[in-house]
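Enquirer: Checked Swiss-Prot, it gives:
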BINDING   Arg69, Glu111, Tyr124, Gln192, Pro193, Trp194, Pro195, Phe196, Pro197, Gln198, Ser199, Ala241  substrate binding site
BINDING   Cys98, Cys101, Cys116, Cys119  Zn(2+) binding site
BINDING   Glu174, Glu178, Glu219  divalent metal cation 3 binding site
BINDING   Glu174  divalent metal cation 2 binding site
DOMAIN    125-248  domain 'Nudix hydrolase'
MOTIF     159-180  motif 'Nudix box'
Amino acid sequence: MDRIIEKLESGWWIVSHEQKLWLPYGELPHGLAANFDLVGQRALRIGEWQGEPVWLVLQHRRHDMGSVRQVIDQDAGLFQLAGRGVQLAEFYRSHKFCGYCGHPMHPSKTEWAMLCSHCRERYYPQIAPCIIVAIRREDSILLAQHVRHRNGVHTVLAGFVEVGETLEQAVAREVMEESGIKVKNLRYVTSQPWPFPQSLMTAFMAEYDSGEIAIDPKELLEANWYHYDDLPLLPPPGTVARRLIEDTVAMCRAEYD
């Protein structure tokens with residue numbers, strides 16, 4: 001599936017190494033390969049954006065290596081492709097040898113997979129399903145400040161789905177573990193690939209059922225009910241968390257304004 005980049009090759013360039021992304025001038029490289037010293041490198045076509053190919057190059061650059069979070073405020077489709085590139089780059093880097101027999105592996109020519117020529121085992125990129133849920137109580141929404149995000153941002157609750165667990169069960173468990181409350185009338189909203197490191201966010205809305213807020217201090221700094229017209233600092237646009245919050249605010253305004 002990969003090929004040697006030629007001088008006149010053009011498109012969007014996802015240059016990635018160890019979950020980092022090359023972002024010269026803070027943006028994804030776009031244009032001729034020769035302009036970015038990519039001629040002769042191996043590249044894998046991973047998609048198309050605005051009629052042009054999107055290429056993945058597994059390479060480390062000495063300067064301007066940053067996080068894919070830096071392009072989150074760009075178009076959702078381009079952010080999704082950048083996330084795909086970072087995740088694939090990490091998959092290929094971490095699956096050079098077979099976990100069963102220890103022999104070297106090679107990329108499949110027909111799909112995103114790594115193959116072992118010795119024991120015939122086949123590996124695919126791992127995807128970790130997560131739930132994220134906006135909880136409404138009359139004209140208020142539950143927002144929390146997470147321990148791992150000490151930047152003042154308040155967001156909705158989220159967590160990984162455990163083995164043998166449905167998405168609905170994961171919502172109920174995560175909400176209870178992190179905030180001590182029960183929810184009802186769960187409704188699926190949307191999903192978003194989230195490359196931190198390889199998650200798939202499944203987004204829900206729910207209504208408060210019962211209980212008092214009792215946070216898990218290992219997960220949250222604080223959590224509280226916020227009136228829809230008096231919200232704290234929120235996640236950036238383009239995130240599924242922000243969409244859930246805005247959708248909840250819209251529902252509150254339709255009912256209470």
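Numbering starts at 1 and runs along the chain as it is shown here.
Positions of Cβ are set from backbone N, Cα and C atoms, glycine also.
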Enquirer: What counts of helix, strand and coil residues does DSSP assign across the domain 'Nudix hydrolase' (125-248)?
Expert: 22 helix, 55 strand, 47 coil
Enquirer: What is the separation, in Å, between the Cα atoms of Ser199 (substrate binding site) and Glu174 (divalent metal cation 3 binding site)?
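Expert: Per the Cα atoms, Ser199 (substrate binding site) and Glu174 (divalent metal cation 3 binding site) stand 16 Å apart.
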Enquirer: Should anything in the same chain at least six residues away from the motif 'Nudix box' (159-180) have a Cβ under 8 Å from its Cβ atoms, list it; otherwise answer none.
Expert: 128-131, 133, 135, 142, 144, 186, 188, 199, 202, 204, 206, 211-216, 219-220, 223
Enquirer: What Cα-Cα separation, expressed in whole Å, is found between Arg69 (substrate binding site) and Cys101 (Zn(2+) binding site)?
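Expert: Rounded to a whole number, the Cα-Cα distance is 36 Å.
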Enquirer: Compare the C-alpha of Cys116 (Zn(2+) binding site) with the C-alpha of each of the binding-site residues Glu174, Pro195, Glu219, and give the closest one.
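Expert: Sorting the binding-site residues by distance from Cys116 (Zn(2+) binding site), the top entry is Pro195.
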Enquirer: Rounded to whole angstrom, what's the largest C-alpha distance between any two of Arg69, Glu111, Tyr124, Gln192, Pro193, Trp194, Pro195, Phe196, Pro197, Gln198, Ser199, Ala241, listed as binding substrate?
Expert: 31
